[in-house]
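Here the structure is laid out as structure tokens; the discussion comes afterwards.
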Amino acid sequence: IILICQITNIIPSPPSCLDYLFCLSELYKQLILFLSSKITKITKKKSQKFRKKIMSSPSKRREMDLMKLMMSDYKVEMINDGMQEFYVHFHGPAESPYHGGVWKIKVELPDAYPYKSPSIGFINKMYHPNVDEISGSVCLDVINQTWSPMFDLTNVFEVFLPQLLLYPNPSDPLNGEAAALMMRDRTAYEQRVKEYCQKYAKPEDVGAVPEEKSRDDELSEAEYDSDDEAMAGPVDP
């Protein structure tokens with residue numbers, strides 16, 4: 001230590017006890033600065049690697065979740081060559097008025113999936129208080145607000161959507177007419193659901209459901225509305 005101090009001219013010679021202490025203090029400071037710089041460099045490199053890992057993990061997670069869905073009982077139709085847009089055939093849960101119906105659901109996975117929730121929507125018509133009849137968009141808190149990276153696509157189709165159809169929430173509707181009918185007359189609501197299933201969600205027809213409404217659909221809806229008006233009877237003057 002004395003030799004180092006003499007060479008670096010930290011203290012004059014001959015050294016004293018105070019010189020020793022001063023020398024040790026200076027060496028300690030130099031050591032702390034050296035270690036701090038090394039730790040900073042190492043931390044920066046690890047941070048960069050960690051960020052790269054996070055950026056690459058969503059794509060791997062998308063592939064894993066999609067493969068898991070394909071290996072299950074769900075029919076998956078890819079829209080493009082990528083893995084971010086596809087259709088899934090979803091069967092109405094048993095013990096519900098939707099049983100027997102099959103819906104084509106469009107799924108869009110954002111770049112940040114699974115840290116950001118997927119976007120889902122019904123392609124063929126669905127009569128439900130929490131599903132918009134025209135756009136097919138879904139009002140589901142676990143997807144829209146409380147999504148977690150711990151969830152995956154199988155959770156959506158095995159848990160979240162079945163629960164939505166088994167337990168509608170008419171107090172927060174996207175289809176006000178369905179919500180009102182459900183609260184007013186549950187039997188009539190379930191009958192209307194079954195009619196929609198028979199008309200729009202037959203298993204043999206779901207594969208050919210277009211994204212845009214065709215002229216035949218519009219005519220059939222007009223006939224359906226006219227039948228409802230006929231059942232309701234003439235309007236009082």
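Yeah, the Cβs are placed from backbone N, Cα and C, and that goes for glycine too.
Ranges compared are 34-67, 204-237, and TrEMBL records region 'Disordered' for 204-237. Taking a C-beta cut-off of under 8 Å and a sequence gap of six or more, C139 (active site, glycyl thioester intermediate) has these contacts in its own chain: N130, V131, D132, N169, D172, P173, L174.
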